[in-house]
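Student: According to TrEMBL, the feature domain 'Myb-like' maps to 7-52, 58-112. The domain 'HTH myb-type' feature in TrEMBL is assigned to 52-116.
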Amino acid sequence: EVNILIWKADEEKRLDELVRKHGHRGTWVTIAHELGTKRPPIRCLETWVRRHHRFLNSNWDAEEEAALKAVVEECGTKNWPAVADAIGQRMEPDGEQKRSAEQCLQRWRVIRNENLTRQWKPADDFLLYMCIHAYGLKAW
């Protein structure tokens, strides 16, 4: 028997908790089973995406990026689900997670790469030339 009734607020909250626990990629059978309300996996996915769609595909604003930088400083880069939860607690009054762990990781990579990018300088050319001259082309 499949549950086709309108979703209740506590059921949606539990769905969000399970998505935070399991992630939003490929675990919908597990999420539907643990939800325990006889919702098919596809309905769980559709409901979650409908509620979070603007965050899944939206650009990061300056406030979110600042929160990401602060949380990564505190938590490090080993536990992205914790980073996503912490950003949700900073950004949302109800503490609800709006960005996935994967989104946080990908945005951090962009921010980090922007900070690493710099122009090649003549001194760099000279240093490279000297290294090639000293070690040859095959000794790298």
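Quick reminder: no glycine exception, Cβ is built from N, Cα and C everywhere.
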Student: I'd like to know the mean pLDDT over the domain 'Myb-like' (7-52).
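Tutor: Across the residues of the domain 'Myb-like' (7-52) the model's pLDDT averages 88 on the 0 to 100 scale.
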Student: What are the helix, strand and coil residue counts for the domain 'Myb-like' (58-112) according to DSSP?
Tutor: 38 helix, 0 strand, 17 coil
Student: So, by DSSP, how many helix, strand and coil residues make up the domain 'Myb-like' (7-52)?
Tutor: 34 helix, 0 strand, 12 coil
